[in-house]
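*Asks:* Sharing a structure here in structure tokens format.
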Amino acid sequence: MPAPALTKNDFEAKVLKAKTLVMIDFFAVWCGSCKMAVPVIDELAEEYKGKAVIFKVNVDEEQELAQKFGVMSIPTVILFKDGKEVDRQVGFPGKEGYIQMLDKHIQ
């Protein structure tokens, strides 16, 4: 099941008020590295169900969110815990890189 899209309208409810770890993938449809990351992000959304919630943000459609979090390069993945940013990865580190990032913050 693909990771759901996130918009500025549901950001507060789904990220800032979340009780679990939240991973957000900032991407664009024209970005080559982002295209490689899409199946990995979707796999992780399924594999980490119950431990973390994973969303995608299209930076072309949600420029305000991308600017708010200083996303300059894509893909950029940001982890939030208790409504605060706890980690960030710029570029595509591969599935293992994302797994290490998530596991570091899961209790």
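Cβ from N, Cα, C; glycine included.
Quick paste from TrEMBL:
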{"type": "DOMAIN", "residues": "1-107", "note": "domain 'Thioredoxin'"}
{"type": "SITE", "residues": "D25", "note": "site 'Deprotonates C-terminal active site Cys'"}
{"type": "DISULFID", "residues": "C31-C34", "note": "disulfide bond"}
{"type": "ACT_SITE", "residues": "C31", "note": "active site, nucleophile"}
{"type": "SITE", "residues": "G32", "note": "site 'Contributes to redox potential value'"}
{"type": "SITE", "residues": "S33", "note": "site 'Contributes to redox potential value'"}
{"type": "ACT_SITE", "residues": "C34", "note": "active site, nucleophile"}
*Asks:* Mean pLDDT for the domain 'Thioredoxin' (1-107), rounded to an integer?
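*Replies:* Mean per-residue confidence for the domain 'Thioredoxin' (1-107): 94 out of 100.
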*Asks:* By Cβ count within 10 Å, point out the most packed of the disulfide-bonded residues listed: C31, C34.
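*Replies:* Counting every other Cβ within 10 Å of each candidate, the maximum falls on C34.
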*Asks:* Reduce the DSSP letter at C31 (disulfide bond) to three states and note it down.
*Replies:* coil
*Asks:* Could you check which of these recorded positions, G32, S33, C34, sit within 10 Å of D25 (site 'Deprotonates C-terminal active site Cys'), going Cα to Cα?
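*Replies:* Of G32, S33, C34, within range: C34.
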*Asks:* Helix, strand, coil residue numbers for the domain 'Thioredoxin' (1-107) per DSSP?
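*Replies:* Across the domain 'Thioredoxin' (1-107), the residues distribute as 43 helix, 28 strand, 36 coil.
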*Asks:* Name, in the order they occur in the sequence, the residues of the same chain whose CB lies under 8 A from the CB of S33 (site 'Contributes to redox potential value') and which sit 6 or more residues away.
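*Replies:* Listed in sequence order: I74, P75, G91, F92.
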